[in-house]
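Engineer: Below is a structure I'd like to ask you about.
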Amino acid sequence: AQGHGAKGDNIYEFQIEFLEPVEPKPVCRVTQRQLNITVQKKESNWWERLTKQEKRPLFLAPDFDRWLDESDAEMELKEKEEEKINKMKIESRVPKDPFKHLKKGYLVMYNLVQFLGFSWIFVNMTVRLFILGKGKKFISSLQWFFPCLTDSFYDTFHTIADMMYFCQTLALMEIVNSLIGLVRSPLVPAVMQIFGRNFILFVVLGSLEEMQSKPVVFFIFYFWSIIEIFRYPYYMLSCIGIEWKPLTWLRYTAWIPLYPLGGLAEAVCIVQSIPIFSETGKFSLGLPNPLNVTIQFSFLLQIYLIALFLGVFVNFRHLYKQRKQHLGPKKRKMK
């Protein structure tokens, strides 16, 4: 090496003949104060001394902070071997799942099918929204927009309902997946969301023809589909160990405006259906005489309306915790 010392620039060199063979390529690291050269033994065993010559060279001095005598070296090797054996024992105790790949394939296919279903709903509704208004000429853009929406709203349920029925019925498998431990998702939020949606879809909209042509149906289906076209591909990629950061951000951010808007649309749907259920008496329960009391289904809907907002709050808090966990600042590990 070339260095500058008290006597000016000089060339420095030395030679060491080690006691036993070492790796031919040492690792060098230069700092402001010194040059560190790490030489690795070819075989990890105890040396009686460093060099072949019995007398230690004068320019060599031991680093007692890193010094190990023979007993210390044997103890260190023994601890490493014990740690390796314990690790192997722990791994052997963990039972291997013979259906691991089958479960992963099922989850990938489930999320893929749901993604395709909700994507079809979203694209179909978006295309119809613009096509039905094409060619209409109105005095102002506002006058153009609302007639366009009105035409699109009117036929939403009859066009989209079959696919929505399929997707929401299939979504019941998410509850089963959570119950049997196939996924780590908490059970309560999944039950609240799926049963809440299916109640709106099958009971309120599916049983009342008067509700099927309401504009609120468009908003309910649209908000549901937008949320799911981000959620299902995120889960699908997670099953195969892939993370795409823009998709992760959308999955844990898009719900912030969409989830409350979807809950509001569902609440409007309930409010609009209450007079219809009261007038028709549908699903109302009449008790036998002498009580002669009828439990109106519209009254149950009012109770459900309160539960709806409580459910939105519970799921909102759960999703917010998930967002902090996945998108919040990473905690530094203590050394």
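Each residue, glycine too, has its Cβ placed from N, Cα and C.
All TrEMBL annotations are machine predictions without curation.
So TrEMBL lists these for the protein:
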{"type": "DOMAIN", "residues": "1-51", "note": "domain 'CS'"}
{"type": "TRANSMEM", "residues": "106-131", "note": "transmembrane segment"}
{"type": "TRANSMEM", "residues": "163-183", "note": "transmembrane segment"}
{"type": "TRANSMEM", "residues": "190-208", "note": "transmembrane segment"}
{"type": "TRANSMEM", "residues": "214-234", "note": "transmembrane segment"}
{"type": "TRANSMEM", "residues": "255-277", "note": "transmembrane segment"}
{"type": "TRANSMEM", "residues": "297-316", "note": "transmembrane segment"}
Engineer: Under 8 angstroms, Cβ to Cβ: which one of 190-208, 214-234, 255-277, 297-316 has the largest number of such pairs with the transmembrane segment (106-131)?
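Structural biologist: Most contacts with the transmembrane segment (106-131): 214-234.
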Engineer: Under 8 Å for C-beta pairs, could you tell me which stretch among 190-208, 255-277, 297-316 has the largest tally with the transmembrane segment (214-234)?
Structural biologist: 255-277
Engineer: Apart from its near flanks, which chain residues at least 6 from the ends of the transmembrane segment (190-208) lie with a Cβ under 8 angstroms of it?
Structural biologist: 157, 161, 164-165, 168-169, 171-172, 174-175, 178, 217, 220, 224, 266, 269-270, 273, 276-277, 282-283, 301, 304, 308, 311, 314-315
Engineer: Hey, which bits of the same chain come close to the transmembrane segment (297-316), Cβ under 8 Å, at least six residues off its ends?
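Structural biologist: Hits for the transmembrane segment (297-316): 188-189, 192-193, 196, 199, 204, 259-260, 263, 266-267, 270-271, 273-275, 277-278, 281-285.
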Engineer: Going by DSSP, how much of the domain 'CS' (1-51) is helix, how much is strand and how much is coil, in residues?
Structural biologist: 0 helix, 20 strand, 31 coil
Engineer: Give me the mean pLDDT over the domain 'CS' (1-51), rounded to a whole number.
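Structural biologist: So the average pLDDT across the domain 'CS' (1-51) works out to 83.
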